[in-house]
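Q: I have a structure here, written as structure tokens, and I will follow up with some questions on it.
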């Protein structure tokens, strides 16, 4: 099964299924000498893991990560880093009655048609459980980016269903507050509305989508490879690989269709750019401004409202999904999106350093 790796100079390969023995990752390209412990990775894993909030799935997994290679005496050696998380709270019997049917909105049908066989337990490889390893690998990237380059990456929820948080200037966001509440939301006034929405969804047996914003600050100018490996193209690819993501915007995104050129262009002055409509990327290369990415996630397909589907014989069936599921996947998607942005940025930084370390820039960076 191809498509399990991302990156070139910094490469992450994952494996494992939702109800298998565990999840694993191989992380290649981490420079030597980076102080690293499992606790560094656990901080982000604890932000993503299930069972930590009444507003998310109640499957309880400790998600304790083990570093099994690539680190010696607390520092990276420059060799492949092996990561392992063991599954401990599988309830495969919740899925025994759907092994011969296809859940609408899930990958059951497409996996079966592509491979002729599938692991029906919790979605197998298509489950969002796989993203735990992305978060672990992304934590390595985040630490390197922050410690060596001063790059910081933060995400927050801006929309859940029909409830929106107040749009806030990233420079004014209290990130400590964002990370202390279960919705990763920067707007205190939105929290009661988000809570009420989740409770209503549970009572009605349905779910809702969400929109998140992820921001990388301190990114140097010059990251990105024209033309097919543009930085924004690789970011979009990484974000679209996250389960349930159906839309990605860089900067103003779709709103640029309504703008005029004299407003949308990010003009340059000796003191910096006058705007950042492009989200910190021009011509596929980072401009030195904050990189701003928004993603839209569809509603969870596993809901208790009955729906129509077919079985493996092509016969119509009525579906009622059992198991432990998120009323809104956006609640736990923020650290996943942060991880994917970190993976892409570190990959492009290492590629840029390898090719252009000796380049003399004609002017001082203005961002």
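Quick reminder: no glycine exception, Cβ is built from N, Cα and C everywhere.
Okay, these came from Swiss-Prot:
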| type | residues | note |
| --- | --- | --- |
| BINDING | 48 | NADP(+) binding site |
| BINDING | 125, 126, 127, 243, 244, 283, 298, 299, 300, 301, 302, 324 | FMN binding site |
Q: Just to verify a number: CA distance, residue 298 (FMN binding site) to the residue listed as 'NADP(+) binding site', in angstrom, no decimals.
A: 18
Q: Whole-number Å only: compute the distance from the Cα of the residue listed as 'NADP(+) binding site' to the Cα of residue 127 (FMN binding site).
A: 14
Q: Around residue 125 (FMN binding site), how many other C-beta atoms are within 10 angstroms of its C-beta?
A: 19
Q: If you count Cβ atoms within 10 Å of each one, which of the binding-site residues 127, 300, 302 comes out on top?
A: 300
Q: Within 10 Å of the Cβ of residue 244 (FMN binding site), how many other Cβ atoms can you find? Include all protein chains, please.
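A: Looking across every protein chain shown, the total is 20.
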Q: Find, among the binding-site residues listed as 48, 298, the one whose Cβ has the highest number of other Cβ atoms within 10 Å in the structure shown.
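A: Most Cβ neighbours within 10 Å: 48.
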Q: Specify the secondary structure state of residue 48 (NADP(+) binding site) as given by DSSP, simplified to three classes.
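A: Looking at the DSSP assignment, residue 48 (NADP(+) binding site) belongs to a helix.
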